[in-house]
Amino acid sequence: MKKVVTRFAPSPTGQLHIGGARTALFSWLLARHFDGIFHLRIEDTDLERSKQEYTDTILESMSWLGLNWDGEIVYQSKRNERYHEVIDILLQTGHAYWCHCSIEQIEKMREEARQKGEKPRYNGCCREKKLSANPSGVVRLKVPSAGQVTFNDLVKGQVTVQNTELDDMVLQRSDGTPTYQLAVVVDDHDMQVTHIIRGDDHVSNTPKQILIYNALGWEIPIFGHIPMILGSDRQKLSKRHGARAVIEYQEDGFLPEAMLNYLVRLGWSYGDQEIFTLQELISFFDGTNLHSAPAAFNIEKLLWLNAHYLRRLPVSQIANLMLPFVRKEGFTHITKERIEAVLPLYVERADTLKELVYLMKPVLISASDLTYKEDDIKKIVTNESKEHLDRLRNLLEAEINFEPLYIEQLIHEYITSNNLKFKEIGPILRLAVSGVLGGPSLQELIVVIGKKEVLARLDKLRFQL
């Protein structure tokens, strides 16, 4: 069996988004399943819109997702000589020709076709003239006037397009640059690509590219056109649906394992299984079971998956992943050990690393930086609150065994001996030590913050009341 070779070919005119990442993942999995080769090609022929910064973020996003590529990255901008070589072959073999028609002439042809109720197109007036090269001319493919193009798509099944529906497409522009249709065929052939997975917005390109393959006598790869990803309202996916660049998900504290698991289910299934290890994905993904209906992006499902993966990680690993986020918040003095001590209180409450840092922030900051919202104070403070805080402070200061069990007992005894209910002191004590009204177990929170810091926080709120 011929070795399976796939590729991902983004254009560096923007960042890598969800749709592109899914295409890359499907192509990567197919290659890895068959122990094949996965290539990365940067289609940077649009010199005006292509930017190095976009190339950098695409590569960073791919690396973060773990979609490693084989061999050197191919840059289209460095392959012009090869494209011109192939164009010369097509001209010499009679499969392409020079066209000297002006833009105005071509627009007139199209308008005449529209008036006749026909598809607007170039009418092939230069097709048989055997014109020579012209600085203002273009090179066109001589599309067979009869027949059809048929290919079996991994997603859509058999697709057939009549040649009469196709134009004599431009292969080389008047400025001498090759068009996308020509460049992509040459690249895929030279890279020995056997399977091309891409968005179904490319379906109309495929018959044109197959005609170029046929003209050159090259083997045609297998195509799979996956449907676009829609928003939850079944409209075109956009930022308002929660979809952003892959790099932004990384910055928001999502895990690559969760992203991969989520992306693969947007257009592929394996029975009813929802959660996969990477090895399972490689084992199961063979190019079948690709969905023909568009998938809907659901940020809540992604958050749920991320929380699942986050909570399965060892505390030490989560702490390592959190360090950059903690540093970004300005906590340069916080150690990994400190993060590990606080983590167990909050990991079940957070969906992402960024949210985890946000929840832990009241514990990580010092008493001097802790603030209390006036609305929270008004909501829970009574005439007796300050007195309760004074007494509890003294009890906590005197407590030798600063452990959750003893702190819980201390609070319980205070409530019982003063004929109180927990709601009369619990919220004010929590607000004093953490700055917020909600959170984990109060006694565990107090212990994790530490006696010295807890006393300082109690003093701070007491003086504010």
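Keep in mind that glycine also has a Cβ here, set from the backbone N, Cα and C atoms.
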Practice task
Kindly point out the range from 10-20, 43-53, 384-394 that Swiss-Prot annotates with motif ''HIGH' region'.
Solution key: 10-20
Practice task
Out of 111-115, 176-180, 201-205, 236-240, let me know the one Swiss-Prot marks motif ''KMSKS' region'.
Solution key: 236-240
Practice task
To the nearest whole angstrom, state the Cα distance for the pair Cys99 (Zn(2+) binding site) and Lys239 (ATP binding site).
Solution key: 43
Fill in the blank from the handout: Check: min Cα-Cα distance from Lys239 (ATP binding site) over binding-site residues Cys101, Cys126, Glu128 goes to Cys101
Completion exercise
The number of other Cβ atoms within 10 Å of the Cβ of Glu128 (Zn(2+) binding site), counted over all protein chains shown, is 9
Fill in the blank from the handout: Mapped onto three states, the DSSP assignment of Lys239 (ATP binding site) reads helix
Completion exercise
In the three-state DSSP scheme, Cys126 (Zn(2+) binding site) belongs to coil
Exercise for the section: Under 8 Å Cβ to Cβ from Cys126 (Zn(2+) binding site), same chain, six or more residues apart: give me those in sequence order, or none if nothing qualifies. Expected result: Tyr97, Trp98, Cys99, His100, Cys101, Arg140
Problem - Largest tally of Cβ atoms lying within 10 Å of a Cβ, found at which of the binding-site residues Cys99, Cys101, Lys239 - result: Cys99
Practice task
Compute the centroid of the Cβ atoms of Cys99, Cys101, Cys126, Glu128, then list the same-chain residues not in that set whose Cβ lies within 8 Å of it, in sequence order, for the Zn(2+) site.
Solution key: Tyr97, Trp98, His100, Gly124, Cys125, Arg127, Lys129, Leu131, Arg140
